[in-house]
Amino acid sequence: MHTYGTARINKEGHLEIGGMDVVSLAEHYGTPLYIYDVALIRQRARAFKQTFEQLGVTAQVAYASKAFSAIGMVQLANQEGLSLDVVSAGELYTAMKAGFPAERIHFHGNNKSREELIMALEQQIGCVVVDNFYELELLEALCNDRGEQMNILLRVTPGIEAHTHDYILTGQEDSKFGFDLNNGQAEEALKKALEMKRVKLLGLHCHIGSQIFETTGFTLAADKVIQKLADWKNRFQFEAKVLNLGGGFGIRYTEEDKPLEPAKYVEEIIKEVQLKTTELNLAMPEIWIEPGRSLVGDAGVTLYSIGSEKDVPEVRKYLAIDGGMNDNIRPALYNAKYEAVLANRVNDPVEETVSIAGKCCESGDMLIWDLPLPKAKPGDLLAVFCTGAYGYSMANNYNRIPRPPVIFVENNQAELVIRRESYDDLVKLDLPLNVTVKQ
Ligand SMILES: *Cc1c(COP(=O)(O)O)cnc(C)c1O
């Protein structure tokens with residue numbers, strides 16, 4: 001078993017996280033159950049922040065809350081002094097309900113609505129990351145109507161696409177996000193923003209992808225953006241105060257993944273930025289980063305109970321669990337791979353290879369193919385590792401299956417941060433039919 005954070009095998013042979021035996025957690029909270037190792041989240045957050053401090057660089061580490069947005073999680077991010085990225089009014093609302101300081105909230109998205117921008121203005125958030133010309137003009141007009149100002153970054157696409165293991169340099173980046181840096185759009189946006197009275201341009205933002213394992217993509221992107229900044233300093237006397245280099249730092253899901261320590265990415269990126277800005281005679285900007293997955297991904301475990309099985313002789317054995325694509329759509333959505341153990345018998349010898357099926361009416365609802373396990377029986381517990389990012393946040397009610405609860409564990413204590421959805425919750429938006437049919 002690869003161990004993440006505080007995960008251990010205790011003397012009963014049970015998986016233990018944050019000092020809590022997951023078998024007892026399953027008895028108390030039921031399954032499926034999302035468990036977060038809070039100490040590991042804190043450790044990651046601190047490592048990012050310390051890296052900036054050690055290099056003497058002013059920074060904001062913004063948690064990309066789309067990875068897992070909940071009031072408790074946002075409060076944890078605040079405890080650790082992180083900033084917060086939101087990509088919708090719903091995530092902003094969650095942040096407000098959590099009492100998160102508005103000035104450290106950044107609003108992302110390629111199609112923010114008028115209502116969303118108004119909400120950002122009402123809450124006086126720290127920054128809107130402007131994605132396109134429509135938004136730039138809409139935001140300036142809304143600020144004008146309200147007699148307010150708003151800090152902005154322009155999101156640019158540097159023409160580097162990270163395909164997890166390699167990078168494609170494209171002249172004309174084919175992406176729905178941001179202003180293209182190569183074809184003049186970014187420069188046009190810059191000129192427009194500089195002429196505007198209400199929006200205050202702090203700098204640029206770029207985010208090249210997700211689950212990236214090497215630093216090359218980041219440093220290539222940083223180089224291109226800084227080169228452009230040097231050009232804009234000469235031609236428009238524009239000097240960026242902030243350079244936001246996004247998130248996307250990869251984590252280990254299975255042994256195929258070989259990431260760096262999350263903070264190591266940051267170290268290499270900053271060094272490149274320092275080198276390049278010095279070379280081009282630019283002041284070192286404040287650096288913002290936006291980790292999502294690398295803050296919470298490997299801190300999350302999903303605990304399931306095993307139920308039925310189906311043996312297809314000579315082909316494979318399916319073991320079904322009490323969750324699936326409802327609580328983790330990533331395998332079905334993009335073939336994501338996971339590791340898992342029998343949490344109540346971790347030390348038992350592996351006896352067979354099974355495939356873990358979800359309970360949804362969908363053949364594609366498979367969680368893990370070809371998992372080596374001891375012989376499991378109904379009621380055994382399966383712990384799937386690394387489900388902390390894009391698990392709960394993508395959970396859904398397909399087949400009207402209630403969403404599982406989320407607990408935080410730390411220092412031998414467990415705390416419920418999202419309760420289990422009830423059947424009443426499931427029908428609470430439904431209205432009875434008023435129309436009657438004449439017989
Ligand atoms: C999704 C996203 C992130 C976070 O990505 P991770 O891979 O979870 O670190 C950061 N910034 C932007 C703009 C994003 O869209």
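Each position is counted from 1, following the chain as shown.
The backbone N, Cα and C atoms fix where each Cβ goes, and this holds for glycine too.
TrEMBL annotations: computationally assigned, not manually curated.
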Among Tyr265, Tyr318, Tyr390, the candidate listed by TrEMBL alongside Arg293, Arg330, Tyr334, Glu362 for substrate is Tyr390
Given that TrEMBL lists Glu290, Pro291, Gly292, Arg293, Tyr390 as binding pyridoxal 5'-phosphate, which residue among Gly209, Gly217, Gly248, Gly358 does it place in the same site? Gly248
I need the most crowded of these binding-site residues: Gly248, Pro291, Gly292. Count other C-beta atoms within 10 angstroms of each C-beta and give me the top one. Pro291
Could you tell me the mean pLDDT the prediction assigns to the domain 'Orn/DAP/Arg decarboxylase 2 C-terminal' (34-388)? 95
Glu290, Glu362, Tyr390: which of these binding-site residues put a Cβ within less than 6 Å of any ligand 1 atom? Glu290
Counting other CB atoms within 10 A of each CB, which of the binding-site residues Tyr334, Tyr390 comes out lowest? Tyr334
